[in-house]
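K.L.:
For reference, the structure I am asking about is given below.
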């Protein structure tokens, strides 16, 4: 994931400062008060990493005592593989191989890299503000307030820059931990619980930790997708937006994992085929699009990498992308010809096809399980369980639509919203029934919330731009929205 490092640094500016600091070129400089935010995301990612690693190790020792070799081997595998990849990722991001830091490298060999990185981030945070630091760079973003855009500048000090680097590194590790370790671990332990018909406290604790880790990783994916797509804007998410995303991602992941586990209890070998088909499809999808475009690989992954090294890194990145999409929507599409490896266009057609296809797949898996379920479920109301799983996935889609409709931080930049699309579909059906007189007389949208088409991004002109010009085109596109949709239909 590639995102701007300074997007999380917020500043509170009084109205007096705003009025007095507006420059003639339309840029509002923000005074650096030497205030940095606590690296809470770094601490949370480290706590989840340590908790999952320790709990999985304890559970593996219990499997060893009971001679459950298969459960022990798989638990250790899903524990060590993401841990090793996280150490390599942190070493690569911080470029420690070219620096004289033997203690840090030794702790990485002991799989304690996230712990020492978290400790370094906390030391930087508590030392920040004790002395005046000259700023090392300036971050220029568009701040959206009540539909109005204002180009602003933030002076970034050395402490803020270091903490931003730690945050970005731990965002990557949180995603890797969630989808390369936690998701298969949760699936394995839930399957083992059903097969053994017994809930071990340690296993239950591991399943809860992994579910929290997966939800947090999916949440990070959604936030990073917004930050990458709206790189020129200051992205701020309200607490209610986070709550909506947590419910959306939690229901989506829980339903998906439960459907796979139930299907595996009826057809243990066929579930491997289902997983491999999903994994291979999403792995080769971006490569197929790359070959169809006949493009060349981006050269900005790492300057010291050869073509082979770049290809290996992109394959690992694609594997992570495939693992994410196997369990939930990744919120981004890969583009190997782009400098950031991410397609910044909002692909709503891909979003619709993914959730429709995933709903059908989950429905088929649950239906097959219903007809071939084992005796373990004879005291479970199977029809009610099927309905509950389908309703939970439908609720996940509903909360996703609510997020884009009302809580998306850049929803005012969209051309038309979910309400307009649904209204257009209903009106088109009505017109087919003979209600053509309603053409062009639809009521306007009741909100300016999340939508399906984005306004094209305009290049910034910091020296000559005015605050009003940043969003001047937004209102001009709202007048004939429904008429254009109806004519296109």
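Here the Cβ of each residue, glycine as well, is placed from N, Cα and C on the backbone.
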K.L.:
Transmembrane segment per TrEMBL sits at which of 154-178, 179-203, 204-228, 229-253?
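P.N.:
Of the candidate stretches, TrEMBL labels 204-228 as transmembrane segment.
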K.L.:
Any idea which of 2-24, 71-93 is down as transmembrane segment in TrEMBL?
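P.N.:
It is 71-93 that TrEMBL describes as transmembrane segment.
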K.L.:
Which stretch, out of 38-59, 412-433, is listed as transmembrane segment by TrEMBL?
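P.N.:
Spelled out, TrEMBL records transmembrane segment over residues 38-59, not the other listed ranges.
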K.L.:
Six or more residues out from either end of the transmembrane segment (308-332), which same-chain residues have a Cβ under 8 Å from its Cβ atoms?
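P.N.:
Same-chain residues near the transmembrane segment (308-332) but 6 or more away: 1, 175-176, 179-180, 183, 214, 218, 221-222, 224-225, 228, 249, 252-253, 256-257, 275, 278-283, 286-287, 297-299, 301-302, 341-343, 351, 354-355.
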K.L.:
Looking at the stretches 38-59, 204-228, 270-288, 352-372, 384-407, which one shares the most CB pairs under 8 Å with the transmembrane segment (105-126)?
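P.N.:
Checked against 38-59, 204-228, 270-288, 352-372, 384-407; highest Cβ contact count belongs to 38-59.
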K.L.:
Quick test of the contact rule: Cβ under 8 Å, at least six residues beyond the ends. What residues does that give for the transmembrane segment (270-288)?
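P.N.:
Apart from its flanks, the transmembrane segment (270-288) reaches 260, 263-264, 318-319, 321-323, 325-326, 333-336, 365.
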